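Participant: Mind looking over this structure? Questions follow.
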Amino acid sequence: MLVWLLQSVLDGYNGTVMAYGQTGTGKTFTLGRLGEEDTSARGIMVRSMEEILANVSPETDSVSVSYLQLYMESIQDLLDPANDNISIVEDPKTGDVSLPGATHVEVRDERDFMELLRTGEAHRIAANTKLNTESSRSHAILMVHVKRSVLGAEDVIPSETDKSSHFAKPPKPLVRKSKLVLVDLAGSERVHKSGSEGHMLEEAKSINLSLSALGKCINALAENSAHVPVRDSKLTRLLRDSFGGTARTSLIVTIGPSPRHRGETTSTILFGQRAMKVENMLRIKEEFDYKSLSRKLEIHLDKLIAENERQQKVFDDEVERINLEALNRVSEVERNFAGALEKERLKCQMEYMESVKKLEEKMIENQQKHGCDGFMQDKCNGEGPGSSIVEDVAEVKKLLEKEIHMRKEAQEEVNKLKSQLGQCPDSGEGGGSEILKLQKALADEVLQKKKLEEEMIILRSQMLQLTFEADQMRRCLGRNGSANAYGGLDSPMSQVRGSLNGHKTPVAALFEQVGLQKILALLESEDANVRIHAVKVVANLAAEEANQERIVEAGGLTSLLVLLRSYEDENIRRVVAGAIANLAMNETNQELIMIQGGINLLSVTASRAEDPQTLRMVAGAIANLCGNDKLQTKLRSEGGIKALLGMARCGQPDVLSQVARGIANFAKCESRASTNGIKSGRSVLIDDGALPWIVQNANNDSSPIRRHIELALCHLAQHEVNAKDMISGGALWELVRISRDCSREDIRSLARRTLNLSPIFRAEMRRLRIEV
């Protein structure tokens with residue numbers, strides 16, 4: 001049975017082992033014996049811890065211990081004796097009992113646990129009676145808190161552009177929290193048998209009273225009674241989860257063999273039989289491990305960045321190599337063409353010089369051969385060697401024409417070589433096909449780089465949402481409704497700003513690395529996932545007041561309103577409404593929202609939305625606008641007030657809280673305008689039919705809703721013209737209740753002062769004989 005219970009604790013369920021019986025029958029021996037000399041004589045406490053420590057991982061799991069005693073209806077810390085009055089805290093939603101003032105010590109091995117048990121036993125109160133030489137005078141409670149990390153299913157998202165590649169999300173880490181409670185009850189005793197007197201008699205009375213309260217609770221649960229008196233004793237409050245709760249409980253009853261104690265033995269057995277009839281509803285407590293998930297996303301992001309940098313370096317090296325190779329080939333071609341050109345030029349010059357030389361030699365030879373007289377004679381007679389001279393001249397002319405022609409051909413060859421030299425850089429890069437291949441490779445690399453940049457932006461935005469959601473989840477879990485609503489509350493997203501002051505958030509880092517313009521450009525992306533993540537990033541940026549002005553100046557508000565108007569997707573509308581709610585916390589932005597038709601757009605969105613989270617965001621945005629004195633008329637004319645009241649149909653507490661906040665802000669502005677003489681006449685809220693809803697929710701179980709409604713009633717009552725409608729609508733009785741029972745002193749005083757200053761309210765209270 002014990003192994004089965006411990007396995008349940010390791011699986012995430014709560015468990016309880018409790019020893020009940022007459023004093024001196026071996027309860028402490030069974031549960032708390034250390035067995036330092038003989039390990040086989042160890043009690044259940046030591047054995048349970050051995051089993052738990054053997055099945056947890058020191059790297060991912062944790063085990064912590066608290067050791068307490070209930071003495072004379074006072075909870076005392078056995079590990080810190082100075083802490084002798086620990087209060088019990090109950091969660092109003094789940095009913096879970098916790099002891100925030102108790103000492104929690106993390107246990108790594110069995111030696112640490114044995115040392116804690118020795119310390120606790122040394123501080124436990126015991127006394128010598130006729131029935132037991134070491135009779136426990138208090139109930140000992142050992143609480144073992146186990147936190148184990150497990151992995152959920154792994155999600156895979158196929159890529160739209162490349163069907164062969166997939167983008168895999170890491171498995172979702174989960175944390176299972178369970179609690180093992182080991183209770184060593186003090187033994188019931190009859191005073192005439194134990195011989196207790198004086199202070200020991202008072203101790204015996206306290207022990208018997210707490211055990212009697214426990215027995216009454218067991219009887220009520222066994223008989224399925226409508227009322228279980230768990231508040232009669234602190235013992236029953238501590239064991240609320242063990243009987244009729246969500247824990248797996250094992251009860252050990254101890255009896256004595258002596259016939260003298262037959263009555264006590266019978267009573268103990270009957271108690272055990274009644275306890276066996278109690279049914280518990282087991283429930284596993286499992287939460288997301290947001291910190292671990294955030295760490296894994298950061299590691300995944302670092303890997304992507306490193307891979308991108310590696311690919312970029314390879315790409316740059318390849319481009320540099322291709323450029324160097326092309327330059328070498330171009331230089332070689334230039335050298336070859338320059339050498340060929342020089343050779344051709346020298347050849348032409350040599351041929352020309354040889355032709356000129358030959359011509360000069362022939363001319364000299366002719367001059368020497370024919371004298372001047374003979375030449376004149378021949379010329380006169382027209383005979384002799386004159387014909388040969390003519391032939392020589394003709395031959396010289398032919399040689400000159402040939403030389404000119406050769407020079408032209410040489411010049412044409414030079415021009416051709418020059419044109420080829422001008423085309424050589426293109427051919428030097430490996431020809432047209434190589435250039436096309438290179439250009440295609442460059443285009444592919446640019447496209448791949450763009451894809452990687454988009455994936456990096458999406459990963460960064462996912463990591464933040466989870467952390468914000470984790471923070472918001474922790475705040476929501478820890479929220480107890482104690483916020484001051486008198487001055488008007490901020491929207492839910494604005495509560496993040498307090499935790500971000502003084503620290504550079506991942507959103508701010510993304511803002512610096514990517515740039516606002518690039519983030520806003522992603523709002524118009526064709527990919528729905530990219531668009532949603534971009535809206536989430538803008539919403540988180542808008543939660544910080546320092547970023548709001550820059551977002552509005554860059555056109556972010558206009559883009560968000562266009563998205564809210566254009567898209568029917570519920571996720572986009574919800575996140576966009578949250579971003580607008582954050583921007584609406586600034587008075588200047590509120591007027592811009594009004595100018596761009598944002599009030600009417602939010603009203604239409606409220607009428608179409610069904611998702612509670614979307615309604616909460618829209619209600620938060622309208623509630624922020626209701627706190628602006630300049631927008632009162634516009635809010636009514638464009639349907640903002642009616643949209644706010646219409647969202648009350650949802651019934652979800654968070655939505656109702658934002659509706660109540662908006663009504664309180666609007667009533668406050670109306671009251672201020674009436675006091676300053678700006679407004680006269682009945683309240684717009686009463687004209688639009690909000691008073692019945694206000695009266696109906698004035699005593700709501702949710703403290704935030706109730707506090708906002710109480711403020712709204714007080715502000716409405718400050719204007720005398722509303723008094724008669726409030727009396728006929730039943731609001732007077734709520735004002736009287738607020739003036740008497742409200743938990744907030746300032747609201748209580750405001751209600752009392754309003755009732756005393758109004759002649760109509762005073763007359764009605766005199767008629768009804770009500771005193772404030």
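Even glycines carry a Cβ here, placed using N, Cα and C.
Just so you know, TrEMBL annotations never went through curation; they're auto-generated.
For 1-278, the entry in TrEMBL reads domain 'Kinesin motor'. What TrEMBL lists as ATP binding site is Gly21, Gln22, Thr23, Gly24, Thr25, Gly26, Lys27, Thr28. Marked as coiled coil by TrEMBL: 393-469. According to TrEMBL, the feature repeat 'ARM' maps to 514-556, 555-598.
I'm curious about the neighbourhood of these features; can you describe it?
Facilitator: In the structure as shown, the Cβ atom of Thr28 (ATP binding site) sits within 10 Å of 24 other Cβ atoms.
Remark: secondary structure over the repeat 'ARM' (514-556) totals 35 helix, 0 strand, 8 coil, with classes taken from DSSP.
Residues 490-494, 516, 520, 523-524, 528, 531-532, 535-536, 538-539, 542-543, 545, 548-549, 605, 609-611, 613-614, 617-618, 620-621, 624-625, 628, 630-631, 634 of the same chain, all 6+ positions outside the repeat 'ARM' (555-598), place their C-beta atoms under 8 angstroms from a C-beta of that stretch.
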Participant: Give me the sequence-ordered set of same-chain residues, not including Gly21, Gln22, Thr23, Gly24, Thr25, Gly26, Lys27, Thr28, with a C-beta within 8 angstroms of the centroid of the ATP site's C-beta atoms.
Facilitator: Ala19, Asn132, Gly187, Thr254, Gly256
